[in-house]
């Protein structure tokens, strides 16, 4: 059953850690814009975040596939709690420092890369293949519950208490998540070939994807929503501050609207894909996202940022649920961590290239150009999905993804 105790404990840990990450990320974005007035500075912060994740991505898959995934996840929680606690003390002692913000971004990037690879691979061990679709939906719900609660809370906490309080709560959330993971009990898969070096181990993931090119392209489609979310995080602070002339509370509620959309996707995405087929569902969701993003680029009405953020959250999260389920069904468990790390590395590389450039574009022109870029990215994802779908249909009457 999806709802067995170990999965529920992991589910709760994911919610709590998502709340902490969401609050600190939203708070840091607004804090930096508030202190510097520069979208470029926000872009640099996010660039450091993704570069840090990109640099460790070759190791994350190896760590995930060679060590107990529960222990890896617990390690990310404790290390992050300690480092965020240290940064909190430094902010209280010294006040605003852009170097501290950048250090926070680096810590965030490294932890996110390792956690995403380990946690999504752990799902394969906790659930049977038939449970993966429901399990992925629940994990997306857990992520978005944490994020939308964080969106509402961070705006108020930042305005009335300060960024230091947000960081302190973040550290506490990681400690709580660690405690939930203690109750996750399962039989770990046999972890293979401990004598292999890091290079040999990582290249196994590359070799698998090289011989399964359509599966590789499916993975590329799956990271489009991740890249889109990063662009959203660069665009939103400047859009709320400059285009809508609003404050941190509006910013927080906009992020909360994104999270509510993501939460709803956990209930709707899997049944929707089952009813009309996964490929049709992905195509429709991409089109919905493109139309919404272009609409936001032209928008100047406060209410519409809430509606637009809701739809973006719904579409991005739905795409992740459907695509992650497909990938978990076709990629062998023993290679899941390494293949995920390859896709995450590619996603982080694109995020690093886009973050600083987008910040500069926003400062030069307007935040609306960021939504145009997001729409273009989603159009690329839609085109790639159509291409992959047609290639599969040429091979077999019904799509059966490449499986080892």
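The backbone N, Cα and C atoms fix where each Cβ goes, and this holds for glycine too.
Just so you know, TrEMBL annotations are computer predictions that nobody has curated.
Positions annotated as domain 'Major facilitator superfamily (MFS) profile' by TrEMBL: 6-393. Per TrEMBL, transmembrane segment is recorded for 7-33, 39-60, 72-92, 98-118, 138-159, 165-184, 214-236, 256-273, 280-298, 304-328, 340-362, 368-388.
In the predicted model, the domain 'Major facilitator superfamily (MFS) profile' (6-393) has a mean pLDDT of 83. Long-range contacts of the transmembrane segment (39-60) within its own chain (CB-CB distance under 8 A, at least 6 residues past either end) are made by residues 28-29, 32-33, 98, 101-102, 105-110, 112-114, 116-118, 198, 202, 230, 233-234, 237-238, 337, 341-342, 344-345, 348-349, 351-352, 355-360, 362-363, 367. Of the two recorded stretches, the transmembrane segment (7-33) does not lie close to the transmembrane segment (280-298), with fewer than three CB pairs under 8 Å once pairs fewer than 6 apart in sequence are set aside. Simply put, out of 138-159, 165-184, 214-236, 256-273, 280-298, 165-184 has the most Cβ pairs sitting under 8 Å from the transmembrane segment (72-92). Stretch with the most C-beta contacts under 8 angstroms to the transmembrane segment (340-362), considering only 98-118, 138-159, 214-236, 304-328, 368-388: 214-236. Long-range neighbours of the transmembrane segment (214-236) within the same chain, counting only residues 6 or more positions beyond its ends whose Cβ lies under 8 Å from a Cβ of the stretch, are 25, 29, 39, 42-43, 46, 50, 251, 254-255, 258, 282, 289, 309, 312, 315-317, 319-320, 323-324, 326-327, 330-331, 339, 342-344, 346-347, 350-351, 354-355, 358-359, 362, 367, 370-371, 373-374, 377-378, 380-381, 384-385, 387-388, 391-392, 401-402.
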